[in-house]
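Among the features that TrEMBL reports, domain 'Major facilitator superfamily (MFS) profile' is placed at 1-411. Among the features that TrEMBL reports, transmembrane segment is placed at 20-39, 51-68, 108-126, 138-158, 208-232, 252-272, 293-312, 318-340, 347-372, 384-408.
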Amino acid sequence: MCAPATSYILEEFNSTSRLQATLLVSIWELGEVVGPLLIAPLSEIFGRLPAYHGANIFFILCSIAAALCTNMGMLIAMRFLLGLSVASTVINPCIVGDMFREEERGKAMSLMGMIPFIAPCLGPTIGGFVAEARGWRWTFWVTAMIAAPLQVLFLIFYRETYRVRILQKKAERMRKETGNSSLRSRYEFELSPTVMIWQSIQRPLKMLFTSLVVFLVGLCGAVGMSLVYVIITSISEVYENVYHFEKQFLGLPYFGLGVGMVLSTLTVGPFLDRYTLKKKRAGDPNPENRLPPMILGSVMIPCGLVAFGWSVDYKTHWILPILFSALIGYGYVSVAISAWSYLVDAFGIYAASATAGTVVLRNAGAAALPLAGPSLRARMGIGWAYSVLTLIGILTVPIPIILLRIGVRFRKSQQIS
């Protein structure tokens, strides 16, 4: 919701810096670099439930604090903390893995991912109207007002799904009932809580840099999301300065990304379930069967980006960049759903750490690359600038193909603990 309100924020704090405007949006992703390193390990030690509750409550408090900020530095810091507190990107795929069989996870991943994927597109649309009608601070008040009742529902209805924690609690109950202190679940180890927490915090980074599978999946997602955020951070500027949209309508062009993302969630998940079941019946149950949509998505993202850039550069009709952004949205969600499903199937009880490792890499890219966007567009024009960025996207196209062919060998050569 913050993106279309940046001009109001800059005006209130007497700033004309396009870098600050971009940083206001992309700093969220830097927060999401740090957050998973804490949230994922805590969810593997204490369960999904307390990790989710803690992160959600912190998010609500940070939203309120952001609405009360008195200078740009404070607001950027709050945006960072808001990104840090987002638990869904790490825990949601793992909850799906906890609850659904392999051949059912595709649709579940799609449904689970639909709202988080739509939010970066729907949020700016709402934010544009809210900022125009009530001022930019209300974009954060509205966020808190939406998040708070959802957290209440979460407190009422959500139950623990992580089988490791469920078995540990069952063993604790049996020890108490029987008086037999030697009863343990197979996931319990004789380690102090401090050692367990430290090992768990290290695990996402360890997996990222020692597991080639996790690193390659993370790299593919990082480039994809970086290019998506290049578009997200430039849409308001493009439609205000090139197409002369009024400020309250600057959120509407984000619907292109949103439509592409929704179409992907409706098609990729069902395809994955059918394809995985077909392969399983043919005697091939490997998690690598989740990767074909990633191949398609990694091609669509750079194609959409270069088309978006040149359609704006040539000042074509305003609908064309929106259509090309839909191509980017479809491609990115195809990559994301495929990656989530693959990591959950491949890494089992350590799926949260594997996902966190990829999220760290992905969000680091999404925080950094968009900062280069304003200077590139100023020096080269948007067409050539996005052509250069497209080359980065093209470099990731072979990654899912390599994993599809020899990912099994990579995984079997590495042991996670």
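From the backbone N, Cα and C atoms, a Cβ is placed for every residue, glycine too.
Since we're looking at a predicted model, the values are computed, not measured.
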Overall pLDDT of the domain 'Major facilitator superfamily (MFS) profile' (1-411), taken as the mean: 86
The transmembrane segment (318-340) and the transmembrane segment (108-126) contact flag, 3+ Cβ pairs under 8 angstroms: yes
Long-range Cβ neighbours of the transmembrane segment (108-126) (under 8 Å; 6 or more residues past either end): 1, 3-4, 88-89, 92-93, 95-96, 99-100, 142, 232, 235-236, 250-252, 254-258, 261-262, 264-266, 268-270, 272, 329, 333, 336-337, 340-341
Residues of the parent chain within Cβ reach of the transmembrane segment (384-408), under 8 Å, 6 or more residues beyond its termini: 213, 216-217, 219-220, 223-224, 226-227, 230, 286-288, 291-292, 294-295, 298-299, 301-303, 305-306, 308-310, 313, 338, 342, 346, 369, 373, 376-377
Outside the transmembrane segment (347-372), six or more residues from its ends: residues with CB under 8 Å to it: 19, 22-23, 25-33, 36-37, 39-41, 43-44, 83, 89-91, 93-94, 97, 163-164, 187, 200, 203-205, 207-208, 211, 214-215, 217-219, 221-230, 232-233, 339-340, 389, 392, 416
